[in-house]
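One structure is given below, encoded as structure tokens.
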Amino acid sequence: IVLLLATLLCAAAAVASSWEDDNHHHHGGHKSGRCVRRCEDRPWHQRPRCLEQCREEEREKRQERSRHEADDRSGKGSSEDEREREQEKEEKDRRPYVFDRRSFRRVVRSEQGSLRVLRPFDEVSRLLRGIRDYRVAVLEANPRSFVVPSHTDAHCMCYVAEGEGVVTTIENGERRSYTIKQGHVFVAPAGAVTYLANTDGRKKLVITKILHTISVPGEFQ
């Protein structure tokens, strides 16, 4: 009995010592030390169970702290994301005249080409309200492709940015055809029927359009 009692006391002391060292290293030993001291006041046969309860309590506290820290990091990350979005918006407001490919919305697309349109200028910045009646579009036609006859309710000034081809306009029953190539400018009045063909077998025909809307400012069909 004496040997068993001595063994249990040594085991309890070793557990208490390791528990105090571990918590002192990670948590300053402040709270865990109080828990261990409480266990020392209990009968010797209850101390191992008491120390185990101390471990469980401290483990739960560590888990709770970890959750709070994760929440704080998440909230900080959200705040940083919001700040980045605000900075991007402010930078865009400072440079309202710069538009990249992502600024355009594709309204027509096929295997032979596409038509992309820039959103209304007054939606981009208040500084551009003076040109809200104008829109910008980019037409791309693949080599040897044909753009079917169409018309819009906006005056169109077209600049050939790349390639070459033939354009035809029909206005008031009168047909006009032109050979176009890079650097040329031609006009398609509102309501005029226009169609064109890319006559190059290797290059795309790229036409940039400035549309002057005549009904609803910034809107055309």
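Residue numbers in this text run from 1 along the chain shown.
Each residue, glycine too, has its Cβ placed from N, Cα and C.
Just so you know, TrEMBL annotations never went through curation; they're auto-generated.
Going by TrEMBL, these are the annotated features:
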- 97-221: domain 'Cupin type-1' (DOMAIN)
- 60-94: region 'Disordered' (REGION)
- 1-18: signal peptide (SIGNAL)
Determine the mean pLDDT over the domain 'Cupin type-1' (97-221), rounding to the nearest whole number.
91
List the helix, strand and coil residue totals of the domain 'Cupin type-1' (97-221) as derived from DSSP.
13 helix, 70 strand, 42 coil
